[in-house]
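The next block holds one structure in the form of C-alpha cells; read it before the comments.
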Amino acid sequence: MLTTVSSHSFPFTISTALGLVLLNLPLFLLAWRSIGRNFTIFTIISVVLASLMMKWLNPIHLTSDPIICAIFGGAVNGFGTGTALKNGISTGGLDILGLVIRRKTGRSIGTINIIFNSFIVVAAGFEYGWPYAFYSALGLVVNARIMDMVYTRQQRMQVMIITDRPKTVIDSVQNHIRRGITIVHDAEGAYHHDTKTILFTVISRYEMSELEEAMEESDPSAFVSISDTVKILGRFYEPKL
C-alpha cells in the first residue's frame, strides 16, 4: 500500500523494503518505552534483516492461485510471528502495538492484528479491487489464528489442585512460576471421606510444563484439573511478553 500511495502522490516511490523500516521507527520507540530494551534491540535486528531479504531475494512463484497463497502465506507468517513472540522478540509492525494493547485490554494479539489490519484491507479493496481485499482478509485471519495457537503466553488456564500436601505443593509451584494461589481447607472426598486441601490458581498455557514439573516434584498423586479461562477480572500478573 505504501509503495502504491507513494508512486501516486510523490515524484519518487518508496520500496516495500524501505517502507517496512520507516513504518517501524515510531514502533521501535514505543517498544523501548513500554516493553523493554532487549526486546527492542532484537526486533530492530529482525526488521532490518527482513528488509534486506526483501531487497536481495528474488520471489519464487510456486502457484498463482490467490486462495492457496493467502492460506499458506498466512499460516507461515503466523507461525513465524508466534514463534518470535514466544521467544521474546518481534517481527515488528502491529506485533508491538498488539503487545502493548493486549496488556491493557486482555485481547489476544491475533484479534488485535485483525482489528487494525481490517482498515488496511478496506483501503486495499478501494485501491486494488474487492477480490484482492478478500484474499488479504483470508490471509490475515489464518495468520491471526496460527499466531494465537503458537504464542501461548496469552492463553490463560484455571488450575484446581486437590492434595493432602498443600504446603509442599504451594512452595514448589511458586518456586517454578510467579502465581498467587487460593487455599480451601478441609475439603472432603466423597469416596474415602479423606480430608483434603483444594488449591486454585490461574496460569498461562506457556507455564503448563513448569506446573507439571512442580506437581511431579511436590505431590505426584495429587488430583489436578486444568481448564480454559474465558475472562479474568481483577489483578493477574502478566509479563510484558
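Heads up, the Cβ atoms here are built off N, Cα and C, so glycines get one too.
Per TrEMBL, these features apply:
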- 12-32: transmembrane segment (TRANSMEM)
- 39-57: transmembrane segment (TRANSMEM)
- 63-85: transmembrane segment (TRANSMEM)
- 106-126: transmembrane segment (TRANSMEM)
- 132-151: transmembrane segment (TRANSMEM)
- 179-234: domain 'DUF2179' (DOMAIN)
May I ask which of the stretches 12-32, 39-57, 63-85, 106-126 has the most CB pairs under 8 A with the transmembrane segment (132-151)?
63-85
Checking distant contacts: for the transmembrane segment (12-32), what same-chain residues at least six beyond its ends satisfy Cβ-Cβ under 8 A?
2-3, 6, 39-40, 43-44, 47-48, 50-52, 54-55, 90, 92-93, 96-97, 99-100
Express the predicted model's confidence over the domain 'DUF2179' (179-234) as a mean pLDDT, rounded to an integer.
92
What are the DSSP helix, strand and coil residue counts for the domain 'DUF2179' (179-234)?
14 helix, 23 strand, 19 coil
